[in-house]
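Engineer: So TrEMBL lists these for the protein:
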ACT_SITE  208  active site, schiff-base intermediate with acetaldehyde
ACT_SITE  244  active site, proton donor/acceptor
């Protein structure tokens, strides 16, 4: 439906002003803060995407995924029997088998997410992208984080972008697909909105801000625009699409602010691991410290 994106206009100054107000929202205290932090933990995609990843550091990550907060702290909050784990473990395709085996050995059902489709640049042929997705699913990934070809957005090839994402969705089969827009490289907030809409039309289960490898990653202006697109798409189709900010989210305060923004823009029903994830590698340590 190209008509949905043909006349998109984003009032950038208004979006930026709203984003600045968000930063000034009051911080929660006491048990309220602890509750929001534990909610944030359940929505984290605990991630390692380094060139020096090994089976052993993936195993350690999986152990942390199952036990994200120290047992004594959970007991003090009377939350030790609530089965609090992270939302997923996210790794490169070559490390999916390691993660699947480690989580199986730990006796938990946390899904393994794999980046694919030429992550992080997207500068590989479509055939290679599709093959990588299929392999990651074959290895046991239940969620696939694909990355779009930015050039298709920057040159306005919306039908080409739709077709690429549609084929990736097909290659994912039963696995959930999160589409990374790499918003820091799309040129404008209007392009962010349009790419969000196209990604949802093509069957994405989630739209995600960044790979974490760009110069600019998850920012509040981009988050606002993407969530407005999700809201519009829901009004038009009745289909709920998830949202995942990723890259540069390192503090408990930032995590809570993202949760509050999602509640403000999309409503409480989006505050579940099924519709909201935080992509992070070092965030969990700060959350545990705050708890």
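Along the chain as shown, the residues are counted starting at 1.
Yeah, the Cβs are placed from backbone N, Cα and C, and that goes for glycine too.
It should be emphasised that the depicted structure is a prediction, and the values quoted were computed from it without experimental measurement.
Relative to the rest of the structure, where do these features sit?
Structural biologist: Its Cβ taken as reference, residue 208 (active site, schiff-base intermediate with acetaldehyde) is surrounded by 28 other Cβ atoms within 10 Å in the chains shown.
Proximity of residue 244 (active site, proton donor/acceptor) to non-local residues of its own chain (separation of 6 or more, Cβ distance below 8 Å) is seen for 45, 178, 206, 207, 208, 209, 276, 277, 278, 279, given in sequence order.
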